[in-house]
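Participant: What TrEMBL lists as GTP binding site is 43-48, 150-151, 175-181. Sequence annotations record features per position, and here TrEMBL assigns Mg(2+) binding site to 47, 181. If you look up TrEMBL, you'll see 294-549 marked as domain 'Reverse transcriptase'. If you look up TrEMBL, you'll see 762-1096 marked as domain 'USP'.
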């Protein structure tokens, strides 16, 4: 006998199936949508976070969207420069170039006359000139003393780019814009399969009505237990130490309730700096906390304390998602109470419930279910089934009379708090309306999870199935199908009495054991007799609490992780480099996969893990702009403490994570299902993992028994094995680097959050290694003659050279820095920056651009030459004299003529102070004729006669002035013989400068391939007699006042300065921002590189000593 269906019925059935499919897909899409609520004060970075998420997790901003930000970029740039120039007046900072005053007036005039968000070419040209001024740069560097957008330097440094007519803002430009956020702002992005949307809705009448439906009234048959009585056990009481610990354990970024007070505010008010006021506040907070714990809050204040502010997020399907934020003074006692009862009820809830009072309970639940699935069935006839149970809207619908009764019965010491919080509805305030919360646990209540667990504990314990694991409202039961079916039937009824309902559409069933198809179908049908809409899934696809349970699904899980990391890494490259590196190290790589690595044996799918690591490595290359080869990657993926960058490899962490987690879960596994583990107590999965660990590390060493549950212990063994291999195969230089990189605090800067307002953020272009510059500046600032010249404005009579490379700006910037160093009006320590000076010297010598370390003596040469040009008294260059000096003149006359010719072109205060004259005598060994020449010098570069040990400075002078033989290819032409002859050459000092700079040639060209000369050069602090090296044997003594020291190697090192105060004669050590008085006996540290001497008795001389 057959059954037929008409064509019309077939079409109707097809339409019905399509509607069902669309509804199911819409439901799945809605289930993946998450509303992200960002709360914070103005300028706290809420909109920046949203923009970062859109850039990282979506395709970023389209060209059209970026173009819409162009007026915002212009406005931010103009307003930033205005803020800096206004601050110059408050900080009393002058323009380095006086012509910039007119530019500033014109800038404000044009900016006010131009429409907001418009940048004309004329306006941009003026802004570029202003931004290049040394005074403006100096004011910018003090931006902490006034309000300035963090993005100011970013935009102003890019004026050439953003002022172009075809300019379109980049993703980074958009990210750095600052716009006051008002009204409703919608930004959408996807992350980890979830759709994030930060759309807020106004509290209209319809919205208020919908929110009230979300917060149903209490059931009519609700029967609350009696209020706390005097006969009850005493309530929980806390001490000041406990209150303080609880406050500092609260996330500082937590939002504020109706009173506007955040945990961060309390932490700051209780900091060490608040002294007695903080202690009094802590005492008051303790009294308030104990009052709340005793349930003695006056009724007039109850609603204010237990109420909350409410806002609503719009779901994609048009529904609402309420978000309530309570008072920190309500969360504080709740947090303390929750922590107290967790230690009490945790053992009582175990082994059934692992969500409260059970550390690592989530991982233990996954391990237990996996071990149960892998265990052998005791029955071959009936297949075992596993059911994942979902309870609909559990936390919001559980009856309050139930949870209060359970708390009164099992945790009476916190009952007064719970009763006062839940015996009456609590008001939730949204706009000027109020919505009452009358059922379920209060959103954000720290006691909520414990209260829920106590409420469902009886139902959970009534389960008879061999496997029964609950993690809050996620339950998993497994066993013979008939037993599980009976449990589900009883559970559904028991949950109804608690106000809860199963959600069959989200429940899942899987067959565990291999069995005939008929037996499997019968098992599933028995479950569907209780839950008709339950979904059957194959065992190899089952996941629990986000972790795969079968080896067959490990690759899929790892590939999903790779896809997630790939999306994150792709977007990290759109952020600035420092922020991108910080997120890569701390969030976007291995840390993002910690739970997955600990809860699943991903070490079995090495190719998939290598894919994740390669994605991270490629991102590290993009962010750092460094080619990370295999050797560098081995070091980069080490932890900070072992000399790495902390970019951990998921392949390296897979075994330590899984082994430590499984070790930690063993006690729970034994109690969850005693028959799961073998007689040895160690599951085969753990034995296999440990054996694999020994193979990978190449050692049989394991952590001590007391540390087998520590991931750090296993990771240290694994990472140390990798590092030891690197050390053993490295050369001496690389080995030293590894050792240095693993020293304490070496990587502290990588671990600090890059917050610009705290000075912890490195710009794309930063000052980098500037110790070479700082050292030279400190030595020059302690040069008394130069010090007086600048501070007493002796340079005012020196006109700047119009043709000078910096047109006087270098001297102005240098003078401003010296003045700031010596005329500080406050008595507090203040760190000054040399960034404006570095910026100016880069214009003179581009070789100093970037952040690389430079040679201090080379920098000194360029600096003195540039300063000299800025104040050269020769304002119009005369025609140079090209004829030779008459050879018939005496040596003294030749010297004077050579000096006059030099001064015709180069004549400044710096020449007066630093320039001397060398006499070179060339004597022919054939005819005996002597040719004498005279040349100016800014410093003397002395060779060091020995590669090691100790030599006297006079030995260096001896070698410098020693007569040398010029023969072979070096033969000069004798002016008398008129042909190349073997000659001797010797040097002596004809004119002694007032300030003698001596450079010790530790890095001479012939030493480049052998490294730095670390010979200790012994010199006298009190006197240096250079009479033996004088051309006329004239007595000449110098006193030391400055030493530039270099420590380290040829390729890396650090400069410091030892300087004598020009007035007090005390010696100081300068180490970048650190300065302290030092003993004169320690001035010669053996690391001297450049020495600064002052001519004895020259304090009142205007020039040098001429022999």
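Just so it is clear, glycine is given a Cβ too, placed from its N, Cα and C backbone atoms.
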Participant: May I ask which residues of the same chain, at least 6 positions away in sequence, place their Cβ under 8 angstroms from the Cβ of residue 177 (GTP binding site)?
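Facilitator: Correct list: 69, 72, 73, 76, 151, 169.
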Participant: Would you mind giving the whole-number mean pLDDT across the domain 'Reverse transcriptase' (294-549)?
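Facilitator: In the predicted model, the domain 'Reverse transcriptase' (294-549) has a mean pLDDT of 88.
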Participant: Can you tell me the three-state DSSP label for residue 175 (GTP binding site)?
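Facilitator: DSSP assigns residue 175 (GTP binding site) to helix.
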Participant: For residue 175 (GTP binding site), what is the tally of other C-beta atoms lying within 10 angstroms of its C-beta?
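Facilitator: Around the Cβ of residue 175 (GTP binding site), 23 other Cβ atoms lie within 10 Å.
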Participant: If you count Cβ atoms within 10 Å of the Cβ of residue 150 (GTP binding site), leaving out that atom itself, what do you get?
Facilitator: 18
